Amino acid sequence: MKVLVHVSLKPGVLDPQGRAIHHSLEGLGFGGVSDVRVGREIALEVADDTSDEALEDMCRRLLANTVIENYRIEKL
Amino acid sequence: MAFTAGVITFPGSNCDRDMAVAIRDISGREPLRLWHGDADLPGNIDFIAVPGGFSYGDYLRSGAMAANSPIMRSVIAAADRGVPVLGVCNGFQVLTEARLLPGALMRNAGIHFVCRTVPLVVENGSSLFTSRYETGSTIQIPVAHHDGNYYADDETLDELEGEGRVAFRYGENVNGSARQIAGVLNAKGNVLGMMPHPERAIEDAQGSADGRALFEGVFESLSVA
């Protein structure tokens, strides 16, 4: 089974990379962009019987740092 | 000084030798060199240094992989027993990822890698690590990092400040850190994480010897104990 883990910074946490990208987009002449946030997508290939609890555990213990990041698990 | 210090090396550590030299120079004793893959620490370990560098190439997040390496389980257990643990730069990132310290180190607010000597204000001069400094005094210590922007939620920051757990604060805005925090202590006071490098400021030839007092303070407490 393929699983995508989407990791994003929590709302309110400053994202310097997103801000720099925003700045560059404006420099390229793209108007109308009000905010840019950078996230990460981690693609896992796991055994079909992998439990939701195990996936949650992977996210909490390693894939995301829950002090600053949220995660979302998407099974394909 | 009859104590046993250890310096951990992860793949990608690059300040481990500087740390070992500082410990040897100041204590007169050669520290043990510990490898990340070792599951156990020597039972008589009295002081653990987690050095700077780019452990595991900063993959995933700075310090994230190192925080899950075999030796860190033993470091966490030793910290729980009260063994002093000092994490510098990447070592600070490792300690937050291992949840020995609260908060997280994010990309510098200005995006750029910052490498220069900065003023640090000693916020708590009575901790295990800072007893040789005067509270409120300013010292000069170099920083060299890309991910040194300290973040914690307001509640955690209030708690840290209320409990005297902010050891050092930058004297100027270096990297966008919340409340300009440069170094924090755990609740018990035996774990310190800081982005600046005291081990790179131990003699005048390095531009500052203000880092010496940090090691002298810890080693003094160990030899008295």
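Using N, Cα and C of the backbone, Cβ positions are placed for all residues, glycine too.
Keep in mind the model is a prediction, meaning the values are calculated, not measured.
Here's what TrEMBL has on this protein:
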type	residues	note
ACT_SITE	B:Cys89	active site, nucleophile
ACT_SITE	B:His197	active site
ACT_SITE	B:Glu199	active site
Separation of alpha carbons, B:Cys89 (active site, nucleophile) and B:Glu199 (active site) (Å): 11
Distance [Cα-Cα, Å, rounded] between B:Cys89 (active site, nucleophile) and B:His197 (active site): 7
Site of maximum Cβ density within 10 Å, from active-site residues B:Cys89, B:His197: B:Cys89
Cβ packing number for B:Glu199 (active site), 10 Å threshold: 31
